Ligand SMILES: NC(=O)c1ccc[n+]([C@@H]2O[C@H](COP(=O)([O-])OP(=O)(O)OC[C@H]3O[C@@H](n4cnc5c(N)ncnc54)[C@H](O)[C@@H]3O)[C@@H](O)[C@H]2O)c1
Ligand SMILES: CC(C)[C@H](C(=O)O)[C@@H](O)C(=O)O
Ligand SMILES: [Mg+2]
């Protein structure tokens, strides 16, 4: 099998974790006789510094000519107050490729049950999937601007029926492959968009009689997620709520650094990235946890290339490394051996 992948390291710890992903890809090439070629392109702050544009045309072209995209992270304090920001590059690439379906699995590794600040009996055995709408809602609404000489400001939340229907269907399809329980998270007690969302979930639910559906308001869902994570199987929700809830869910798994994601379009073309950001506080120190990035490589193998067993091998290797007591600095551990980004990567590779 031949595949070409565009690597977008981006900013902060992005280059460190994408180097880890590349190492894993190279090893998969050698051990399983695949031909995964790759090239690096710029996105985010580094692209602004070089070209003034957070998503240069050259990057788009390279991604268009690829079978999948792996992204590290974008952003950082250097660009936070500029009119052109790194995060715009990420939003643009998601929109350009119509990557509306963002899958964020939240699975706790046995060895990390004590790494969570939550009680072990609460997190033990947690396994849920957040299906986040990724190309609509507040992050893309127009107008979005300051008004009246800065005396007021507007951000707009719009969704079309089609946009809601397609992500809700992904939510139901995902539930069918799992425990057949879908929690739709909204704010229907306040927002019209959420009331329409709820109606559409109920309509589409009729086509999935085997799936039980719960509607939960986002504020209550935020509470329930960390008090009773095992009550969730699949969560389907709009862009902003999914962003916030997925970072919150990382508390269950011990660290933001271990959660991967897939952002897919209707043809299963995908961009794969850990859910965390560029972690400016630890950038360049070799402290970044590469697990979220490496599991994102696994998601790429599974969702874009149909290599399920190879994806499972990556997860198993991560599981074994953690079971043997190896951790990175972000994972609270009393007796674990703390490894750097590359040491952790090499350890995972040695267990592959
Ligand atoms: N997909 C993305 O590219 C993405 C996602 C989220 C945030 N961001 C951007 O990243 C920048 C920093 O944002 P932030 O600080 O709010 O969030 P962040 O996710 O970068 O960091 C939050 C905390 O988690 C830690 N952390 C994150 N990833 C880690 C890893 N792999 N290993 C160990 N520790 C890790 C950080 O050190 C920090 O303490 C901002 O510019 C933000 O817009 C980008
Ligand atoms: C950086 C930002 C635009 C991004 C988002 O909100 O989608 C990030 O927080 C994420 O979760 O991928
Ligand atoms: Mg986020």
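A Cβ is built for glycine as well, from the same backbone N, Cα and C atoms used for every other residue.
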Same-site residue for substrate (record: TrEMBL; known: 94, 132, 219; options: 104, 146): 104
Sparsest-packed among the binding-site residues, when each Cβ's other Cβ atoms within 10 Å are tallied, from 279, 283, 285: 285
Same-chain residues at least 6 apart in sequence whose Cβ lies under 8 Å from residue 187 (site 'Important for catalysis'): 194, 217, 218, 219, 241
Distance-selected binding-site residues near ligand 3 (C-beta under 6 Å), from 243, 285, 287: 243
Substrate binding residues 94, 104, 132, 219: largest Cα-Cα distance, in Å and rounded to whole number: 27
Cα distance (Å, whole number) from residue 243 (Mg(2+) binding site) to residue 281 (NAD(+) binding site): 21
Local backbone state of residue 132 (substrate binding site), from DSSP in three classes: strand
Annotated NAD(+) contacts 277, 278, 279, 280, 281, 282, 283, 284, 285, 286, 287, 288, 289, maximal Cα-Cα distance (Å, integer): 15
